[in-house]
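Engineer: Before I ask anything, let me first share the structure, which is written out below as structure tokens.
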Amino acid sequence: MDATKSGTPTVQYPNMNDQPITAIVPAPVPTFERNQRHCFGESAPGEFPLAANPSIVLHVLTACNLDPQDLAKLEATCSFFRQPANFSPDYELSISELAALDMCRKRAIFKPMTSEQCQELKERCGGSWKLVLRFLMAGEKCCRREKSQATAGPGHSIAVTSKGVVYSFGSNSSGQLGHGSTEEEWRPRQIRSLQGIRIIQAAAGPGRTMLISDVGQVYAFGKDSFGEAEYVAQGSKLVTTPQLVESLKNIFVVQAAIGNFFTAVLSREGRVYTFSWGNDGKLGHSTEPNDMKPHPLLGALENIPVVQIAAGYCYLLALACQPSGMSVYSVGCGLGGKLGHGSRTDEKYPRLIEQFQVLNLQPVVVSAGAWHAAVVGRDGRVCTWGWGRYGCLGHGNEDCESVPKVVESLSKVKAVHVATGDYTTFVVSDDGDVYSFGCGESASLGHNAVIDGQGNRHANVLSPELVTSLKEVNERVVQISLTNSIYWNAHTFALSESGKLYAFGAGDKGQLGIELVNNQTERVQPERVAIDLS
């Protein structure tokens, strides 16, 4: 941006008569009293040194990638940062607002937006570019958008590199690996038909895979029903290569979540759409089980932007971003208290989980297991609720909790990520340590094999325990993904900061990406998968 457009007065030099240099007699230098300058109060721009070149200030703010809260604090403490900066495209915007807008423009999902779409998103987020930036950054944090990621689906797995290349392996009875066949693959194999398409997010469900591109298009393969349960044949055909979902072509999608009876997608603007499982109004609309048309999720979230969705077996969670802060809404089946409202009743429309306000906790990541749920707060606390079977809530017992409850045994751990499956929970700390608890079946917790009092080889864990086997690989873990299905033995992925992928748990269908020999069906210790996701 050109500093000459900032409104700073041009310096005027006095006229000087043409005369020999020797004729100029230097005048006595007057003594000036040094004025104290500061950036507080209502001082005029000329009294603040940085105002001499606001374009440099803007460049520094943008280059430093300041948090939207920091930009707001600058505005609150200094008039220079909140007054109009006289820069295009909006001469009324302050320096901090322009910095937020510039940082929004760096985001892949924001770049292709028209001016009208940008303004619509701005109003939806609360009327400020700082709020839009917070909305975009919140989505990146909880979904690893535009970063490498791994998905441990029901019997099959998807891995996405930081460049958007996709690998798949494991069970393939419905063509869910996308290679044009129904043959199982234990070795990670690139989906060649996606060459030239950058994928930023993947979702894996029972016999089905969905991929989201950086331009918001959705590709699906496997079973052709968006709401097909694991062992119910509602789809009329199998799709063995990625196909563009025509019904979503006019929606810029950034995330998909697959439950057992329904599928949900999240748009760039933070709107939630659902497919199927609406014939009795469970998601606020009535459709046929194999409906291929997306329906907006009605109710409380119609005018509230959502940054993340998470699908359990029969319910949906949504992480919302409002000017007042982050919040979680739930909808669907309430058995076991997994909707978090203090009861076990169903909800046909999204309902705010009020317990987080009681706990004074700002949710930043949400995860929906088959029968229980978990949240990470901005302060690093972890909350769990729902069915407590096998100790999956981490409270030292198997009791159900109908409202979110802080996992006290993690009080000395600052969590940044949480993942849930079928009665299993993983927590990742800010220093890369991993804790797990819940059902120990199929070695999916990552702990050393032990024999419990009933002769089971893998004991259940009622309270969080450090996964020492991951500690020993000397890699900082940034993401955990585990199987979220009641019909499949679970397997788990741990993705390191350097892009290395480690797998353990059930591998009978090749879903670990590791060759098992001598009739082995699982891996107890984390083993490196032969792909680099960096």
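Every residue gets a Cβ built from N, Cα and C, even glycine.
Since this is a predicted model, take the numbers as computed values, not measurements.
Look at TrEMBL and you will find 148-482 tagged as domain 'RCC1-like'. The repeat 'RCC1' feature in TrEMBL is assigned to 164-215, 216-269, 270-322, 326-379, 380-431, 432-498, 499-534.
Give me the local environment of each listed feature.
Structural biologist: Using DSSP to sort the residues of the repeat 'RCC1' (164-215) gives these counts of helix, strand and coil: 3 helix, 24 strand, 25 coil.
Confidence over the repeat 'RCC1' (216-269), given as mean pLDDT on the 0 to 100 scale, stands at 83.
Remark: secondary structure over the repeat 'RCC1' (326-379) totals 7 helix, 25 strand, 22 coil, with classes taken from DSSP.
With helix defined as DSSP H, G or I and strand as E or B, the repeat 'RCC1' (380-431) counts 6 helix, 23 strand, 23 coil.
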Engineer: Out of 164-215, 326-379, 380-431, which stretch has the largest tally of CB pairs under 8 angstroms to the repeat 'RCC1' (499-534)?
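Structural biologist: Looking at each of 164-215, 326-379, 380-431 in turn, the most contacts to the repeat 'RCC1' (499-534) are made by 164-215.
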Engineer: Give the residue counts of the repeat 'RCC1' (432-498) per reduced DSSP state, in the order helix, strand, coil.
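Structural biologist: Here the numbers are 7 helix, 23 strand, 37 coil.
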Engineer: So, does the repeat 'RCC1' (164-215) come close enough to the repeat 'RCC1' (326-379) to give 3+ Cβ pairs below 8 Å, pairs being at least 6 apart in sequence?
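Structural biologist: By the criterion, they do not touch.
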